[in-house]
Amino acid sequence: DVPKATESRGDSDGPRRGSLCDRHCAIINVQGDFSDLGCHLHRPCVPPGRSAMGLAGHGAPGGSHTPCHPLISPAAMSPPSCCQQHSEEVCESCVVKTTLTAENAVEANKLSNNYKFGFKKWKSHVTARPWEDRSEIVKELYSDLNVIRGSGGSTVTCGNILYLLLFGWWLSLLYVLVAALMFLTIVGAPYGQLCWDLAGYFLWPFGKVIQKVEVPKSHRALGACEAGAGESSALLGGPVPHRWRLQCWLDAGYWQHAGTVVWLCLGYPALALAHGLACVTAWLLIVLIPVAKLSARAATRVLLLPPEQVLVRRLRMTEVPLEGEVILCCYRAVNPYYYKYAVDGINVFAVNLLPLVLVTLVLGYVDSHNHLTSSSVKFTLALLSIMPLSYYIGMAIASISAQSNFAVGAVVNATFGSITELTFYITALIKGSREGNRCYAEIVKSALTGTLVGCVLLVPGLCMVIGGIRHQEQRFNSRSAGVGSALLFLSVGGVFAPTLFSKVYGKLVCGECHNVTQNPLGHYLCHNCHFDLMDNNGTLYYSHVQPLVYTVSLLLPAAYLIGLFFTLKTHSHIYDIHISDCHMPGHHHSAVVHWSRWRALVILLLSTLCMSACADLATEHISPILTNSTISQYFIGVTVLAMVPELPEIVNGIQFALQNNLSLSIEIGNCIAVQVCMLQIPILVLFTIFYPTNFTLVFSDLHVYASMFSVVLMNYIFMDGKCDYFQGTVLVMVYFILLAVYFFAPSPSGC
């Protein structure tokens with residue numbers, strides 16, 4: 001019920017804002033960050049017809065709105081005056097709160113341990129969703145191809161025609177050839193008839209059905225076959241198939257018959273290989289996974305049945321067979337919703353990219369002299385392999401956090417959250433130190449800057465644009481974003497403090513100068529100028545710059561810890577996320593975890609090792625690209641090396657934005673940017689103490705200006721706590737303008 005307005009606001013036991021607003025906040029439970037709150041759009045507090053729900057996909061997959069706990073009565077939804085009377089109190093206090101729903105205790109623990117300020121947000125679903133709670137679209141993805149529909153409409157679709165062009169014609173031709181071969185062997189004639197029937201089926205399998213039927217005993221003897229030649233089938237109501245009559249001339253023992261041996265030696269291997277090729281190809285294309293299921297079922301079930309038990313027939317529009325086991329029945333070859341498909345909790349894209357990791361490692365370490373592939377191909381494969389490994393690392397972190405307490409989850413998140421980037425940076429610095437090449441250190445600085453700029457501009461910009469297409473205006477937690485912006489200002493100032501110090505006190509050294517006026521006192525035109533910190537045996541660097549770098553590297557992690565203590569302990573209401581349970585009415589399910597803690601730990605360690613190997617291969621084969629490419633090394637660093645490892649984070653942010661939960665989308669970008677400055681860079685500085693490299697915390701002017709401008713612009717956009725697709729477009733366009741600047745910039749000195 002709605003709290004009464006007569007309740008005293010000066011109650012000493014209540015919070016400062018008064019009990020009325022707090023009780024409003026307690027009963028309002030809307031999706032995401034209260035973007036549909038009626039206070040801002042002059043509508044009732046909760047729009048009629050909308051159920052209390054949390055993140056889309058947790059309650060009912062496929063976007064269906066499943067009612068959770070009914071927190072607001074109809075009487076509270078009808079009066080339009082509630083927001084008019086208390087809009088200031090409700091909006092100011094409630095808008096900063098986010099309500100997420102969890103299906104079970106394990107998911108709630110994952111949300112509670114991971115969706116914290118300063119931690120990376122892993123959106124992986126760590127438990128299996130109950131089958132009856134899923135949408136019909138998702139159920140169709142996981143169903144076997146043995147369901148007969150009463151009326152499926154026309155089977156002539158673009159996807160089915162695509163199947164005919166890619167698979168149907170050559171599979172049918174192969175079946176015809178195998179049928180001819182089986183007929184030539186005489187003893188394999190029943191299999192020849194089976195292949196002839198299947199040739200027509202696989203040419204166009206849509207609207208047809210393959211059934212397993214039981215052969216009547218009267219047809220198993222020769223005399224009975226002759227007597228029953230004119231009989232009708234009780235199952236089909238028609239004449240006995242000719243294939244049964246051919247089988248009658250053979251011995252009754254099926255597996256002992258010579259025809260089976262001929263079939264398994266001559267016919268089945270070729271067809272199984274063809275179906276395997278079709279299955280793998282269709283699976284990799286994802287939208288053609290029904291074709292993969294079709295081929296797998298044919299190779300493992302249909303072709304291993306006795307030929308007299310396999311019946312191929314065409315279904316009429318209103319016919320539903322009542323007898324006989326249905327083995328295959330397919331209506332569509334293409335289903336665009338298969339991007340949601342998961343295997344043991346792993347998204348199908350990550351499953352398909354896993355073989356890429358194996359190919360990358362084999363080619364990288366076996367073909368070390370580039371006999372099979374070039375360095376550019378190996379570099380590309382190693383970089384692409386980082387994406388699925390990042391997904392597996394995130395899935396493992398989420399699984400461990402969901403089944404552990406907050407301390408364990410925080411340690412695992414902080415330890416392995418940045419392992420992808422740090423692995424690449426450290427291997428690049430080691431290689432540059434061994435070769436005495438400063439270019440690797442510059443590439444690492446470019447990647448750090450590119451990650452910072454991309455997570456400040458591109459990630460929130462894309463989320464605003466894509467989320468703004470579905471939602472006219474989105475609101476987010478401006479106070480939490482303000483804390484992130486303050487940390488970003490602090491971190492950027494600290495990271496670039498040694499650079500500014502070197503600009504003020506360093507000595508400008510130029511590589512080449514020309515007298516323009518032919519006068520010794522005239523103007524000079526100089527090239528390749530930079531501030532030298534190693535003048536007088538490096539007195540300036542070792543006595544002033546290096547101590548400043550170490551001081552900053554100690555202060556930045558301390559500021560990060562203070563920010564965590566501020567948002568998680570003393571001022572947790574600023575970043576307020578409520579975790580509530582959401583269950584289907586009448587259903588109570590125990591959580592079934594995809595990965596146990598030990599399995600997740602093993603996968604986490606293996607993924608980290610593979611990540612290290614791929615990073616080593618990427619740094620090993622990047623040198624030819626840097627030396628032979630006409631593109632600036634700055635551009636390669638801020639784009640490819642910086643943003644490819646962050647693609648899973650960008651996808652997570654977009655999914656949050658589509659669910660009208662922009663606070664988490666913005667927090668993803670802020671978290672990565674803050675961790676780059678306050679964790680990753682200090683770790684790299686600490687690494688250089690124990691393993692001397694060419695890495696110094698002195699950046700080029702372009703990096704300084706781009707980073708500072710990005711942080712200022714982001715802070716300006718996030719000031720009012722609301723956004724639309726236009727503001728997101730501004731952020732994205734500024735990001736691409738900076739990319740154009742990096743593209744046309746000359747390569748850094750030493751590269």
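Glycine too: its Cβ is placed from the backbone N, Cα and C atoms.
Range with TrEMBL annotation transmembrane segment, chosen from 190-210, 631-651, is 631-651. Only residues 6 or more beyond the boundaries of the transmembrane segment (346-365), in the same chain, are considered here, and those with a CB under 8 A from a CB of the stretch are 283-284, 286, 289, 338-339, 372-373, 378, 381-382, 384-385, 387-389, 391-392, 395, 594, 610, 613-614, 617, 620-621.
Within the chain carrying the transmembrane segment (672-691), a Cβ under 8 angstroms from the stretch's Cβ atoms is held by residues 118, 120, 414, 417-418, 421-422, 425-426, 429-430, 433, 444, 448, 451-452, 455-456, 459, 484, 487-488, 491-492, 494-495, 549-550, 552-554, 556-557, 559-560, 563, 646, 649, 697, all 6 or more beyond its ends. Contact between the transmembrane segment (406-427) and the transmembrane segment (600-619) holds: at least three of their C-beta pairs are under 8 Å, each pair 6 or more apart in sequence. In summary, the transmembrane segment (600-619) lies against the transmembrane segment (377-394): three or more C-beta pairs, each 6 or more positions apart in sequence, are under 8 Å. Outside the transmembrane segment (631-651), and at least 6 residues removed from its termini, the chain residues within Cβ reach (under 8 Å) are 120, 383-384, 386-387, 390-391, 394, 420-421, 424, 439, 442-451, 453-455, 458-459, 462, 625, 668-669, 672, 700, 702, 738-739, 742-748, 751.
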